[in-house]
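Listed in Swiss-Prot:
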{"type": "BINDING", "residues": "GLN129, ASN142", "note": "pheophytin a binding site"}
{"type": "BINDING", "residues": "HIS214, HIS268", "note": "Fe cation binding site"}
{"type": "MOD_RES", "residues": "THR2", "note": "phosphothreonine"}
{"type": "TRANSMEM", "residues": "40-60", "note": "transmembrane segment"}
{"type": "TRANSMEM", "residues": "124-140", "note": "transmembrane segment"}
{"type": "TRANSMEM", "residues": "152-165", "note": "transmembrane segment"}
{"type": "TRANSMEM", "residues": "207-227", "note": "transmembrane segment"}
{"type": "TRANSMEM", "residues": "278-294", "note": "transmembrane segment"}
Amino acid sequence: MTITIGQYVEKRGLFDNVDDWLRRERFVFVGWSGLLLFPCAYMALGGWLTGTTFVTSWYTHGLATSYLEGCNFLTAAVSTPANSMAHSLLFLWGPEAQGDLTRWFQLGGLWPFVALHGAFSLIGFMLRQFEIAQSLKLRPYNAIAFSAPIAVFVSVFLIYPLGQAGWFFAPSFGVAAIFRFILFFQGFHNWTLNPFHMMGVAGVLGAALLCAIHGATVENTLFEDGDGANTFRAFNPTQAEETYSMVTANRFWSQIFGVAFSNKRWLHFFMLFVPVTGLWMSAIGVVGLALNLRAYDFVSQEIRAAEDPEFETFYTKNILLNEGIRAWMAAQDQPHEKLTFPEEVLPRGNAL
């Protein structure tokens, strides 16, 4: 009888080799999520830079939106396709552009290109956080938190225009273009009086307040265990023990408010919960606007204001402002509709 002693060699296929290469430790981690993140982010950023550099919006909005036409960083944009394109994905090889790059630019094909690649790159970045957290045996709360800005992006740039007549009514990708969209949201949807917007504002501003308070409190209660009390010199960045006193911080805020967080887990969960919930509420509200759901209507005040010239509230004043936005903006914003309004309904200075 012959006994062969040898070392067992595990059979490794193509998938194992690719997995090893993708997940190898390197300066910039790639991972499986990188197969989605890096190409999509490259395409989205490249499309935006291309559009803002030399692509006009004359054929879709009657506007100049590129550096070549005289715009600057704040006024340049990749604008939405023409209203006649409805919800077409506007593929370069599709029936609209028929493979003609110049025609594709003129029709607004860069906008769905940037929007869809941008959405998938954000999703890829969230999956990247999941993947790295899993490899380091961490909880996935970073990825869960990042779902909030993804929800806002998808709801504003994709779901809202899907509920409207076409991509034309989505925000264009530019600073001044986003400001115009905010005014549009207010005038046509009374967005500031929407309870979901209120929850979003409370979440974002509340998170900023919590962040400032938390950072200041930690700085206030740092241990002076190095070569001086200087924040940037007193501590070894690799020391194992904590560098601030939770007990002292608890005592301080108990004296200030009468209540304070008693443990770090609840404190940091609250700092996670407030902004994420606020952004998710905003996203839900925008989905409602896609379906043209209305905000609060205080009809009794409107009726009384119409009957009594001396009765006016901030609400009725805002309703008049919204009407002015709609009357003025509709003709400016949708030139293809050739909208005309009688002179008496158009806003004139401060007299609405």
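Each residue, glycine too, has its Cβ placed from N, Cα and C.
Keep in mind it's a predicted model, so treat the numbers as computed, not measured.
Shown on the structure are the features that Swiss-Prot records.
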residue : record                    : Cβ contacts under 8 Å, 6 or more apart
GLN129  : pheophytin a binding site : PRO140, ASN142, ALA143, PHE146
HIS214  : Fe cation binding site    : LEU267, MET271
HIS268  : Fe cation binding site    : none
Remote residues contacting the transmembrane segment (278-294) - C-beta distance under 8 A, at least 6 residues beyond either end: 147-149, 151-152, 154-156, 159-164, 185, 189-191, 194-197, 199-204, 206-207
Cβ neighbour count (within 10 Å, all chains shown) around ASN142 (pheophytin a binding site): 15
Local backbone state of HIS268 (Fe cation binding site), from DSSP in three classes: helix
Per DSSP, three-state class assigned to HIS214 (Fe cation binding site): helix
